[in-house]
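**Q** Please see the structure below; I have some questions.
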Amino acid sequence: MNYLVMISFAFLLMTGVESVRDAYIAQNYNCVYHCARDAYCNELCTKNGAKSGSCPYLGEHKFACYCKDLPDNVPIRVPGKCHRR
C-alpha cells in the first residue's frame, strides 16, 4: 500500500499541477480591463489561456473583463486600489 502512495506522489510531481481560477484579469498596478462587449473580453481571456471571458455589467467590478479557467501565471485583480501612474 505504501508503494502505491509513493508511486502516485512521484507521478504527481513528474507531471506537475496546473491550476486555473475564475477572476477579473488585471493590467499593471492591479487595474481591471474595462469593457463594453463580451467579444472583447473573450478574445483577451482566451489569448491569455482562459477557457472564456465575459463583460458582466453586474458584480464587484462593473464592465470589467471576467475570465473563466484563467491560468495561475496570469495576473488577476486582488483586493486593494488600482494604482495608475
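Backbone N, Cα and C atoms are what each Cβ position is placed from, and that goes for glycine too.
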**Q** Say which of Cys31, Cys67 is recorded by Swiss-Prot as the disulfide partner for Cys45.
**A** Cys67
**Q** Cys55 forms a disulfide with which residue in Swiss-Prot, given the options Cys31, Cys35?
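**A** The record-listed partner cysteine is Cys35.
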**Q** According to Swiss-Prot, Cys82 takes part in a disulfide bond; indicate which of Cys31, Cys41 is its partner.
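**A** Disulfide partner per Swiss-Prot record: Cys31.
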**Q** So if I measure Cβ to Cβ from Cys31 (disulfide bond) and keep only same-chain residues at least 6 apart in sequence, which ones fall under 8 Å?
**A** Arg77, Cys82, His83, Arg84
**Q** Check the disulfide-bonded residues Cys35, Cys45, Cys55, Cys65, Cys82 for other C-beta atoms within 10 angstroms of each C-beta and report the one with the most.
**A** Cys65
**Q** What counts of helix, strand and coil residues does DSSP assign across the domain 'LCN-type CS-alpha/beta' (21-83)?
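**A** Helix (H, G, I), strand (E, B), coil: 13 helix, 19 strand, 31 coil.
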